[in-house]
């Protein structure tokens, strides 16, 4: 069975040159300016171009190659900047004093003021992407190597663009190929994750480890042999790692402990660099490779062994959920939007977890002491997680509107969730109200007691304690666990769990135990509140995407629509798309509090300088536990204390940050105005809550009604 079709679509630059060629309506050209917005909205909405599932699948497949090409170009640009406009070699010689910079502002109208002195005789903008630390970890010792990698990135980008064109225009896979889920799982697990990790582990062992070992010992980067010399010359490697002299003999004689000089299991951080032991990370990636190479043989393909995904899903029938997974496999295989939703949700959870690993287990040398980069990486990965979660909800709603077939989905898990949607939404709504009032109420109580001069009646570590006992138990367990589970390890996975390990590099704290107290308990419940509100908005958008009491035939109106026609007042801003819009606002709210919590907590309890005698002087002097228990403390000791430096930056090389700071707050305040106008959204939520009141026979006589759009805008502009 040949799985590709030859030359299915002509390569035509004339066609591509015509704006809107993908849509009959748009190809006619503009009649109003709305046309240009629709171009942007529909260019990648392949569902709207055609109903042919095979063609849609090919377009998505091809677009993935295009995306990879763009990523390679972007990466190449990063490496090129490191080669052409950076002080990487100076930083490599003295990473504790020189600040990383790979951007020089050209003098056009005076913005060269932004080029500050970053050390190493270099004027530029300090960068906080962590690339320098990553380059050192991968064994790059010169700017020439960065040039070569940048060129390699462009070559790979070209290959990706070619592959995208080839697999749509020259040899396009057939639908059966796209729907062969087991083969896809096997190939991605074994190929991408398994062989990818194996290749990276190989690079780490043969190139990164010897070079970093020499760098840590203080050898001048210019005197370190080039990467290929380590790969080709076994004696050179054996100088650093003696077991290399034995070659592969210990591997085949199963005498693997011989390799423990370069595949370690130490735990904790390297005291020279403040990063994870690179011998630990090489061991880790080798283990991951083995794991995924095995996983890549789990699913049944041409060979008769292993599990078929459909059978695996059907086998999960417990007593309560009898036919629970019936037809779920078919839905995932045939509906791209459902698969995107599940994948985006899983990847988002991973991204948010990764954000925490970047500071708790800093993977690269000298990353932990570069505080600005640590803040940036945490923020960056939290934002990615947030976008992906909202994207998961968006695609789940698109799936509900476009691909959901109620006839095939009877009484399975999906159907049961949808039938319980009123109970789910009204409970979530109650949880949000409870969390919001109680967590904010604790702060307001503290502000009031503080203002009345009654500190003994406040919730804090020195008055009424609300210790996060479960979190402390988890921390303690992780601090002690390696003693029994990994007796040979030198330390637990991270100093943050507790104990007395403080890692300092060059007089700066890299990482120390992070104590949790009443202040963390309070802000944690703000996190719980904002996240639950985000979930409420997004889930409501998904569960009511096809129908609601307000608009029973919503599925016919599509994923995004302004109102249900002119005759139905109060149905505006109620589409699934509008829920994504409102969900994004709350995702931003959630992340703001998370980043505030992280940056203040780290500056107060972890980061700082350390004296010769070993006395730690934290950046904000450990004020988090007492100050952050009141709203006033957050405003005065965090927001104002940290913002005043930015606001007073005009005339220094930091001035751009002051301007961006002002501008970002203006955008934020302006956007609040639009939040209050979701008329139909609120009406739909109210109907669900009224249902819950009717169930319990406590419904009010006066019928609850959402604010009109005019009223909502009045409230919005007043707040603004």
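Using the three backbone atoms N, Cα and C, a Cβ is placed for every residue, glycine included.
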Next on the checklist: Looking at 213-239, 240-266, 375-401, 456-482, which stretch does Swiss-Prot describe as transmembrane segment?
Outcome noted: 375-401
Checklist entry - When the Cα of residue 681 (chlorophyll a binding site) is compared with the Cα of each of the binding-site residues 563, 572, 665, which one is closest? => result 572
Checklist entry - Where's the emptiest Cβ shell within 10 Å among the binding-site residues 563, 572, 673? => result 673
Next on the checklist: Do any residues, 6 or more residues outside the transmembrane segment (579-600), come within under 8 Å Cβ-to-Cβ of it, and if so which ones?
Outcome noted: 359, 375, 378-379, 382-383, 386-387, 389-390, 393-394, 397, 520, 523, 526-527, 530-531, 533-534, 537-538, 540-542, 620, 624, 628, 634, 638-639, 642, 671, 675, 678, 681
Checklist outcome for this item: As a whole number of Å, the Cα atom of residue 572 ([4Fe-4S] cluster binding site) is distant from the Cα atom of residue 682 (phylloquinone binding site) by 10
Next on the checklist: Checking distant contacts: for the transmembrane segment (146-169), what same-chain residues at least six beyond its ends satisfy Cβ-Cβ under 8 A?
Outcome noted: 7-11, 58-59, 61-66, 68-70, 72-73, 75-77, 79-80, 82-84, 88, 135, 140
Next on the checklist: Taking DSSP as the reference, which of helix, strand or coil describes residue 563 ([4Fe-4S] cluster binding site)?
Outcome noted: coil
Checklist entry - Who sits close to residue 682 (phylloquinone binding site): which same-chain residues at least 6 apart have their Cβ under 8 Å from its Cβ? => result 706, 707
Next on the checklist: Quick check for the class: what is the C-alpha distance, in angstrom and rounded, between residue 563 ([4Fe-4S] cluster binding site) and residue 665 (chlorophyll a' binding site)?
Outcome noted: 31
